[in-house]
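To start, the structure itself, in structure tokens.
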Amino acid sequence: MTTTAPGRPALRALKAPLPDRHSPFRSEFLRGLAPWTGATVTAVLLAAMLSKSVQWQGSWGGTQSLLKSAAVLLGGPLAVAAGCWQGGRERRRGTVGLLATASRGRPAKTLVAVAPLTAWVLIGYLVALVVVLAATLPYAHRGRPLVSYAVTDLTFLVSITAVGFVAGRLVPWRLTAPLLAVCAYLGLGFPAYLGSDLRLLSPAEQVDTTYVPLWWQPLVMSAWTGGLAAAAFLVYAARRRAFAVLPLAMAVAAGTLIADLGPGMWRHVPTPGVRACGSGETGPTVCVDDPDRELLPAIRAALGGLHDRLQEMSTPPYTYVANNAELGPIDVRLPSLSRGWNVVRDEVVDPAAFARETAQMLPFFGRCSTEKLTPAEAERFSKLQQTVLAWLAPADTVLPGTPPHGSVRDTDLRAPLAAMAPAARASWLDRYVAAARSCDPKKMPKL
Amino acid sequence: MSSDKGGGVTVSGLTVRHRRTLALDAVDLDFAPGVHGLLGPNGAGKTSLIRVLATVAAPTAGRVSLLGGDISNHRERTEARRRLGYLPQEFGYYPGFTVREFVAYVAWLKEMPAASVPGAVERVVERVGLADRIDAKVKSLSGGMIRRVGIAQALVNDPALLLLDEPTAGLDPEQRFEFRALLRDVGTASTVIVSTHLVEDVATACTEVTLLDAGRVAYRGTPGELSALGDERRPGQEADPLGDNPIERGYTTVLRSHRQLLPEARR
């Protein structure tokens, strides 16, 4: 009997025997194409995600959705090409004869050659997944990452690697791998242009990020992609090729179900009814959906100037409300908070434009139909509205209008109001609001 | 060396055709344990015969029995494959693997028991003189060393039937000398069939020689008997046009007489 010396677990782990250096799986895992493929998958996915980080870094759905697109449209062609190259290795290396004289069965030989490569593709994907989820974590406050996305992506990558491997074994042409990658890219991307639910047969396709897959959706999708790959694998590797009928039947059934149910395999996630409001002695009162509460300081800061200018007038202190909440008499709807567009990493991308868009929602703008006005009155109405908007929420933009030059700068528009004394300006603005509410052009103050 | 591993090779009516070319023409042969040299000019059918015996290529016609099993039967063919070693003429390898990994990979392909693989790999690598390079990548080795890796992988399962196609190509004289000794050692218990162009390999290492020409057996006998056919140098000639040594002259003599008889035989 031997006894184990006591010691710290870490030290004992260091002294543990190395994995068997004679295992064929280990050799295939460590040598040749496989590790490089894993590293390339990670690099390609992260490069693609990095280039669009503003779009996804703030939403679990957006992150996983974009990673899925990248995994299928970029990782897929890469995996199929790597599989194909690995499949053609015996021809390139001249080991076909050596393998043909081996007693080990073809399924085992095939598995040992393709499984390590597949494992590296999966590792490459998982590393990219962990990195992007970690990057999203500080900014995503709604929902959670879904395992179902990862399951369908992983099954797809395994499947397409195996299909590429079989193609590489069967087609003795060096250009098969790059050609297969191009075909995969086109074949997986093309369904996006289909109007019917058949587009959902492509693993790259998905529904809106406000929908989440039902629990069995990844199983059906995995049966579709995995079934096709398993059929291809068995046709090549199995002694009894008839066995390939089973996974093929499974894939056909799953494909039929996907085409038939379409978006029915996803469910809408309703916006939670709970609101979070931010207010203070200074600055506006802003209410958003509770998961967006982290945005309150940024929104209140963006609307600070608008709030201060409105306070010069005798309008009520408005409350700015986000999204689909019902509006009260003194509520003003905020622009849609769209992460990746006007909100990135819990910050408002363009505070001035956000304030301008909010100002346009003030209740005294856009109430009058220009059809009841003469062209001259309508033009005057429009010009005064632009002037007031430029004063309330200056955005330093160039607006169309005012011939002969064809455009007018925001700063020029607000100049007359800026030149007035505060009391006169407040009086003028109150008269403007009263006229705008009554839609009476005769009451419009002169400027 | 271990005792006789039993079984040999019996070939009857073996015909191999590559498209329109007849590589082997109804050949009947048998090989008992020992070292057998396969000689013959290019295109004689040596590689075709080795490939059929290695179960890499299927015969067009005829019956092949390896180590007591009929290779047309899947189970018996698999059993024979476990017990044979094969070095192809163009030896392919995975350049990123180490010597240890590559030889172990072949051991796995031969379905050797996992527990016996590490020891077998180290023994066979030492046997071919590569013990100090066992953990070097194959791509870092010289051509002669890579050839020795090929010999090691063919020997790793201690085969009862060893098939070597041009094994000494790329070996330097010292390595060839050592290799012949290795062949003699293996041949004491196993059936070794060596296809070669080098008659000195046959003269020094083989117990029996088979000369193929145009897909047929031109001669069978011992290397000594083949040498005897060319032993008598014609008087007054400094250099004999049939060859520099007896076995070369015997080889040429046999080939020429076979070529004279061949048209009659085919008629």
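Including glycine, each Cβ sits where the backbone N, Cα and C put it.
Heads up, TrEMBL stuff is auto-annotated, nobody curated it.
The transmembrane segment annotation in TrEMBL covers A:33-54 (among others). Taking Cβ pairs closer than 8 Å, the transmembrane segment (A:33-54) reaches residues 66-67, 70-71, 74-75, 78-79, 82, 85-86, 89, 116-117, 119-121, 123-125, 127-128, 131-132, 135, 157, 340, 344-345, 349 in its own chain, all 6 or more past its ends.
Nonlocal intrachain contacts for the transmembrane segment (A:66-85), taken as residues 6+ away from its ends with a CB within less than 8 angstroms of a stretch CB, comprise 33, 37, 40-41, 44-45, 48-49, 52, 55-56, 114, 117-118, 121, 124-125, 128-129, 132, 149, 152-153, 156-157, 160-165, 167-168, 171, 176-178, 180-182, 184-185, 188-189, 202-204, 206. If you look up TrEMBL, you'll see A:66-85 (among others) marked as transmembrane segment.
The feature transmembrane segment is assigned by TrEMBL to A:111-140 (among others). Counting residues 6+ beyond its ends, the transmembrane segment (A:111-140) has Cβ neighbours under 8 Å at 24-25, 28-29, 33-35, 37-42, 45-46, 49, 53, 56-60, 63, 67, 71, 75, 79, 82-83, 86-87, 89, 150, 153-154, 157-158, 161-162, 165, 237, 294, 345-346 in the same chain.
Here TrEMBL flags A:146-168 (among others) as transmembrane segment.
What TrEMBL records for A:175-194 (among others) is transmembrane segment.
Remote same-chain residues near the transmembrane segment (A:214-236) are listed as 106, 110, 147-149, 151-152, 155-156, 158-160, 162-163, 166, 169-170, 201, 203, 243-245, 247-255, 257-258, 265-267 (criterion: CB distance under 8 Å, separation of at least six residues from the stretch ends). TrEMBL lists A:214-236 (among others) with the feature transmembrane segment.
For the transmembrane segment (A:243-266), the residues of the chain that approach it from at least six positions outside its boundaries are 196-198, 200-201, 206-207, 211-214, 216-217, 220-221, 223-228, 230-232, 234-235, judged by C-beta separation under 8 angstroms. Among the features that TrEMBL reports, transmembrane segment is placed at A:243-266 (among others).
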